[in-house]
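According to Swiss-Prot, the protein carries these features:
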ACT_SITE  Glu59  active site, proton acceptor
ACT_SITE  Lys134  active site, proton donor
ACT_SITE  Cys166  active site, nucleophile
DOMAIN    13-260  domain 'CN hydrolase'
Amino acid sequence: MLHGDITSSNDTIGVAVVNYKMPRLHTKAEVLDNARKIADMIVGMKTGLPGMDLVIFPEYSTHGIMYDSKEMYETASTVPGDETEIFAEACRKAKVWGVFSLTGERHEEHPKKAPYNTLILMNDKGEIVQKYRKIMPWVPIEGWYPGNCTYVSEGPKGLKISLIICDDGNYPEIWRDCAMKGAELIVRCQGYMYPAKDQQVIMAKAMAWANNVYVAVANASGFDGVYSYFGHSAIIGFDGRTLGECGEEDYGVQYAQLSKSLIRDARKNGQSQNHLFKLLHRGYTGMINSGDGDRGVAACPYDFYAKWVADPEGTREMVESFTRSTVGTEECPIEGIPNKKVAHR
């Protein structure tokens, strides 16, 4: 893990994250103009960072947030589509991979159902290698249709990459799911606003440490008339230490080199902090000393996960028993979100 240079090597992947200023757009034409602005930025960044293999832009960086529902549906993209072709041309020209946000991607039943909040990983030939749909939309505000799975794809120089989006990252389960599928870099693109800056900085670092994984966070900056976005895009080592972090500045860039051999060596030879290995080899020292084998315990000890898989509706009722039974709350009502239990006749 290296920080401070503009290079990369056969062993290191040069990764850049961008504090992209949150745009406020209303039409398809404006979205495409903004996509061209992102494309120009990619080419310029590659000139200044010749080692850059992967560039990452935040959630909402392409479309902005369409606070008007009609505009949100009208500007929703297809994948591939006009926006992705602009990005593809830039990736080919700069010979770089990219992660790009599409908010939204048209649902298969568009316009009857809400769009998805989507990220794509694109290679340096302009091909879409991974398409991820946000599993945990930021309810009650975000109206995206939820996705249902994570992916791992081989990225530049063979680094294994997973994509997650913003509120996804508040749930340790998604980080573990990606890491246990073999991800070596988890990319978290977000359009996160104040007041949650400190919590999000902590979360990214903690999840890198807990999952022995590189983390790259690209966050929006600026004010869009509704929210103020805190930036702090960052690249974090698999030991949880920050390699580079932006401030709140618009269009700030951070860059670091992520070693393939180093993370693979740590996962193979690390002992006391090899969290992925230890989770499936629980208590092996005590088991060895007790004559009960030399690999520890593999069985899952956490009742919640077994119950959730076996009985999702029953598990939901269990959670509602100590939280609430409606998605909304009467004490802070939000238009369109039910906050009273429906009476049954």
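In case you wondered, yes, glycine gets a Cβ from its N, Cα and C as well.
Other Cβ atoms within 10 Å of the Cβ of the residue listed as 'active site, nucleophile' number 25 in total over all chains.
When the alpha carbons of Cys166 (active site, nucleophile) and Glu59 (active site, proton acceptor) are compared, the span between them is 7 angstrom. Reported as a whole number, the C-alpha separation between the residue listed as 'active site, proton acceptor' and Lys134 (active site, proton donor) equals 10 Å.
The domain 'CN hydrolase' (13-260) scores a mean pLDDT of 99 in the predicted structure. In sequence order, Tyr116, Asn117, Thr118, Leu119, Trp144, Pro146, Gly147, Ile165, Cys166, Asp167, Asp168 are the residues of the chain that are 6 or more apart from the residue listed as 'active site, proton donor' and have a CB within less than 8 Å of its CB.
Under the three-state DSSP scheme, Lys134 (active site, proton donor) falls in the coil class.
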